[in-house]
Amino acid sequence: SGGRRKMRRRRRRRPLQKALLAAGSALAALRDPYRHDMVAVLGETTGCLALPNLRDKMKHHPEGYRILQERPRIRLSTLDMDRLRGLPDGTLGREYVRFLEDNKVSPDTRMPAKFVDDEELAYVIQRYREVHDLMHTLLGMPTNMLGEVVVKWFEAVQTGLPMCVLGAAFGPVRLNARKLQVLATELVPWAIRSGRNASCILNVYYEQRWEQSVESLREEIGILPPPAVQV
């Protein structure tokens, strides 16, 4: 029937549209890594292999499975910022709010998934986006270009998402010689070791860990102590 033919044509177009979106967003994101919209599109259109793998890791872990079932969101509307601000220094909640305020960022800037057809996989990439700032907090990295590249190296090893691999590989082209040396000799080796050593970062119910110390959570996940260098 005519309806089935239209549906088949739409299905044939979908991979082509995703390929074009992936290419365009990759170019835009490499030109300007702070284009969160293009980084988001790149993550969705290239994550067809990595996202199912991440979902399976969550399904086979008690805490990860509960996250998949309950689908919590990290947004200003779900966070009690005053309570987190009042927690002791060194706790995850206090240091997360400090990170947001010091770097003038908001969890509400994370775009909803638009190009992932599977509802569960769409949540997985949404969750990855919403815990990104928590990775900065746990890794002790600011949001400048050097800090973003280090986090991307860690996330690339952890998730296998092509957008993280691209960011890790091409982000350093904007750094000066001194920062490149620190990155190559200290920060990247640490980020790779930590990424390999750590358990899956999506298997932590961060919303229930606000009162836990950052140091304790790092040890639990397997993130190695950050090198003593100025980032």
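Even glycines carry a Cβ here, placed using N, Cα and C.
Of all Cβ atoms in the protein chains displayed, 19 besides its own lie within 10 Å of the Cβ of GLU148 (Zn(2+) binding site). TrEMBL lists HIS132, ASP133, HIS136, GLU148 with the feature Zn(2+) binding site.
Taking the mean position of the Cβ atoms of HIS132, ASP133, HIS136, GLU148 as the Zn(2+) site, the remaining residues of that chain whose Cβ falls within 8 Å of it are VAL105, LEU134, MET135, MET141, THR143, GLY147, VAL151. Ranked by Cβ neighbours within 10 A across all protein chains shown, the binding-site residues HIS132, HIS136 are led by HIS136. Same-chain residues at least 6 positions away in sequence with a Cβ under 8 Å from that of ASP133 (Zn(2+) binding site) are, in sequence order, TYR96, PHE99, LEU100, VAL105, PRO107.
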